[in-house]
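Worksheet: the structure to be examined is printed underneath.
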Amino acid sequence: MTGLTPETQTVPTTAPATKHVPELGPPVKPKRNKYAFACAILASMTSILLGYDIGVMSGALIYIKRDFKISDLQVSILAGILNIFSLIGSCAAGKTSDWIGRRNTIVFAGAIFFAGAILMGLAPNYAFLMFGRFVAGVGVGYALMIAPVYTAEVAPASSRGFLTSFPEVFINAGIMLGYVSNLAFSKFPLKLGWRFMLGVGSVPSVLLAIGVLAMPESPRWLVIQGRLGEAKRVLDKTSDSPSEAALRLEEIKEAAGIPADCHDDVVQVSRKTSHGSGVWKELLIRPTPAVRRVMIAAMGIHFFQQATGIDAVVLFSPRIFKTAGLKTDHQQLLATVAVGVVKTSFILVATFLIDRVGRRPLLLTSVGGMILSLAALGTSLTIIDHTEKKVTWALVLSITTVMTYVATFSIGAGPITWVYTSEIFPLRLRSQGSSMAVVVNRVTSGVISMTFLLLSKAMTTGGAFYLFGGIATVAWVFFYTFLPETQGRSLEDMDELFSGFRWRDSKSKPKNNKNSSSNPQVEIGPNKLRA
């Protein structure tokens, strides 16, 4: 450590064996673990599947409606039904990942989505297209649940927020690719253009299957399978230091019910621990106060992420821009690409702020910005709707506020939802708990997607955004009063954090725990120096 020489480390024989002295300088921030970084990127590529589908459907729906001559109700169902179908994958993913491992579940998700994308691209009619949506939806459900769980379990605490936000980054990258695909194939013949748009979605799943071969299995899953030797080797590669790797292994062993003095490479673990038996009872029937709070927090943040209308904006951007006054397909798709650029840019900014600023400040700032943007968007669209002449300033305001809405969403509510949920569940409940949160997310998204066009007709498009603004206001109050800060806490420490949590505590950050990298003491003992 800077400022300490071999002479200053010498402890006189008359001194105590161990003592604490004030830290002599600011703590050295650990370098970003490149191996954990690479693992997070590969795992998060599964999220491209959902992002591409959302983005590409926004433009493909224009041409599918013309080709199959379907109604707005059928368009709404086609747009939102994938979220409902994804429930099957989300519900099955927890159990599947406990049985076959996190890595193999990622491969499984990619294979299912590949089949779905091919089926959608070859669809000769509306019914066959719906079947393709069903298959792709199951794959999306698996991918949504497993990517953040795997990344959180591999990442060191110092960069867990940064790495766990990657799934949201890749969702946005997928949306951007979908928008670009719409623009690229929009000039093709009607019957070919939208099929190419959907069929190209099979490409990311192939790349995913190849990339996953370089990934290790989750160390936490290896421990609950009793494969301690393999888990130790993975932790050595994904931790910031050997001491952190050892500490993480001990905490995971404790959470899995393995004695601390057990150092065998392979141990026998009870079936209840290794395969998740009894988890649903602990989650739903007899939860502890801490688990109950975790469940409410996870479901609440996922519900509000979608109930504030993000998928309505992303899926129906061309419709919104048409309502605002952009007349041609090319203008609408071009403006939609701009939405994708803004959304992706701000999610990249968020990844670098999550571990520096904290979860709560970013989330509250994000939702506050969404409220203002939704109010302004609702106002501008209402003015346009009630004016026969073209109102240029209202058109500009509409386009601008769509951009500010997706920007403020991406800076907080988008990534933090996935980061927060992957952090707060105890190890024994993580897979199934995360699955339930994703179910809430997808159901809410499906309802919003399938009802937005009907809602717009019933209360105008501006009125629909006023409604989303009201829901966002309720979300801000919920986040402010109920969600504690998790920055710097180890995954195994969440049970303690939530068991003693009161809403007034949410106004301040928790004190650094024993695992914090900013421990203010240096311990000096015989033959050792530990910071």
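Just so you know, glycine gets a Cβ as well, placed from its N, Cα and C.
Annotation source TrEMBL lists compositional bias 'Polar residues' at 1-16. Residues or ranges marked as region 'Disordered' by TrEMBL: 1-26, 504-531. Taken from TrEMBL, the feature transmembrane segment covers 35-63, 75-94, 106-124, 130-150, 162-180, 192-215, 333-354, 361-381, 393-418, 439-458, 464-483. Positions annotated as domain 'Major facilitator superfamily (MFS) profile' by TrEMBL: 39-487.
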Interface present between the transmembrane segment (361-381) and the transmembrane segment (192-215) (three or more C-beta pairs under 8 A): no
Contact call for the transmembrane segment (464-483) and the transmembrane segment (361-381): at least 3 Cβ pairs under 8 Å, seq gap 6+: yes
Long-range Cβ neighbours of the transmembrane segment (439-458) (under 8 Å; 6 or more residues past either end): 72-73, 75-77, 79-84, 86-87, 90-91, 141, 144, 299, 302-303, 305-307, 309, 311-312, 315-316, 319, 323, 417, 464, 467
Stretch-level contact, the transmembrane segment (75-94) and the transmembrane segment (361-381), CB cutoff 8 A, at least 3 pairs: no
